[in-house]
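Asks: Features from TrEMBL:
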type     : residues : note
DOMAIN   : 21-107   : domain 'Pyrroline-5-carboxylate reductase catalytic N-terminal'
DOMAIN   : 249-394  : domain 'Ferric oxidoreductase'
TRANSMEM : 204-228  : transmembrane segment
TRANSMEM : 248-271  : transmembrane segment
TRANSMEM : 292-317  : transmembrane segment
TRANSMEM : 347-365  : transmembrane segment
TRANSMEM : 386-407  : transmembrane segment
TRANSMEM : 419-442  : transmembrane segment
Amino acid sequence: MNSNPSNAMALTSTTSNKKETVCIFGTGDFGRALAYKMIQSGYSVVFGSRQVQISSLIPKGAEVLSHTEAAQKASIIFIAIPRQHYNFLLPLAEVLNGKVLVDVSNNLKLNQYSQSNAEYLAQLIPGAKVVKAFNTVSAWALQSGTLDASRQVFVCGDDKKAKQMVMDIVRALGLTPLDQGSLLAAQEIENYPLQLFPMWKFPIFLSLGLIAFFFFYCLIRDVIYPYVNEKKDFSFFIAISIANRICPILALILLALVYLPGVLAAIIQLYRGTKYSRFPDWLDKWMLCRKQLGLVALAFAFLHVLYTLVIPIRYYVRWRTNSGVISQALNNRTDQFNNSNAWLSDSYLALGILGFFLFVLLGITSLPSVSNSVNWREFRFVQSKLGYLTLILCTAHTLVYGGKRFLYASSYRWYLPNAYMLSLIVPCIVLVVKFVLVLPCLDKPLTRIRQGWERNPRYSE
């Protein structure tokens, strides 16, 4: 048995006012940043290093000792070194017996090893209590204090008391611990920082596909068709006109796609008569990336606003305006004021302004700093009720923009309808199905299902 008195401190509570001493193996960027943050939070920090001389890079107030001496002074040891150097811990196995070893390492690529770094560490030092944590927080964020974007710390481990001690430290540093269960979750936690926008891939690829489709669609109708039939060169439309058609189209379609999976989920639940059955994988993944879809849609809406603001200063627009004025003067005529057109124009603009305002509100409430300050009911009201109102306003904005033009044969160039007509398909389907679902004959059973009622329960009392 190891008679080292420091082991008696292992797995003790950190709830006392006086914070304990923690040890850090490794004096690299992350080790120093972690020590700096811990010293700020009132912890005593001792570094375990091969070189015991004090470096100017070591945070003021930290002590530097040999690995053995440093391990004897603390019950919690942070292993801030790469996996390939873990073997140096083998001679320290007796000293580390009963200690809490916090593995903070990351790999260079996904699933680099068949076994996670934390599990490998637990296998090397079987007498220690290994906990995986802090690998999702960067050294720069720790030292600079800009932790708003990375405040969550994933924690996993097989020993509950050891895990609780680490979670207490996480809270003391002003971070939010998330218990991910046993050490088996370490592989997934280690892969997390290596994933490049995992929830953004579908929205981005979908957006790129839609951009390509509508770009070539508008190119055919607005550039190629006039050139072939009328010998007019409108190739300059690519810079502003076509871009300003694509942006609102994508904003509307992507916004509708945010709410379409919820409608599909409701239909599936009504059909099955229960909520205790998994949705198809494609629908699960779709629902998980709705926030990202909405933010991409908001980005396109912003671009649409910016493109619209520059329309009056475009050369082509100024040329058409001046030509129209000169033509009226030469012909000694004045176009009569059309009250209907004035109403359509103002309604179109008003609906667009209101829709964009609510669009921005939805984007703001999706930010973690805002969503964390409202309760679940308030968040759902904004994202659901106001979200559908936003979709209604933006769809109405597009419908009023089109007016009666869909009735004119000239709107169908080479039998192709205007691009804005295509953008209305998905939003209108979502709104019509949603309207049907809110009818009492469907809304009441759907509400009961979501409250736990089953049409054909698997188990009866």
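Backbone N, Cα and C atoms are what each Cβ position is placed from, and that goes for glycine too.
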Asks: Per the 3+ Cβ pairs under 8 Å rule, pairs at least 6 apart in sequence, do the transmembrane segment (204-228) and the transmembrane segment (386-407) touch?
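Replies: Since fewer than 3 Cβ pairs under 8 Å link them, the transmembrane segment (204-228) and the transmembrane segment (386-407) do not come into contact.
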Asks: Quickly jot the same-chain residues contacting the transmembrane segment (248-271) by Cβ under 8 Å, restricted to those at least six beyond its ends, or write none.
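Replies: The answer is 203, 206-207, 210-211, 214, 279, 283, 286-287, 290, 293-294, 296-298, 300-301, 304, 359, 387-388, 390-391, 394-395, 398, 419-420, 422-424, 426-427, 429-430, 433-434, 437, 442, 445-446, 449-450.
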Asks: What does the DSSP secondary structure composition of the domain 'Pyrroline-5-carboxylate reductase catalytic N-terminal' (21-107) look like, as residue counts for helix, strand and coil?
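Replies: Its residues fall into 32 helix, 21 strand, 34 coil.
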Asks: What parts of the chain pack near the transmembrane segment (386-407), using Cβ distances under 8 Å and only residues at least 6 beyond its ends?
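Replies: Answer is 248, 251-252, 255-256, 258-259, 344, 347-348, 351-352, 354-355, 358-359, 361-362, 417-418, 420-421, 423-424, 427-428, 430-431, 434.
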Asks: Note the mean pLDDT of the domain 'Ferric oxidoreductase' (249-394), expressed as a whole number.
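Replies: 90, rounded to a whole number.
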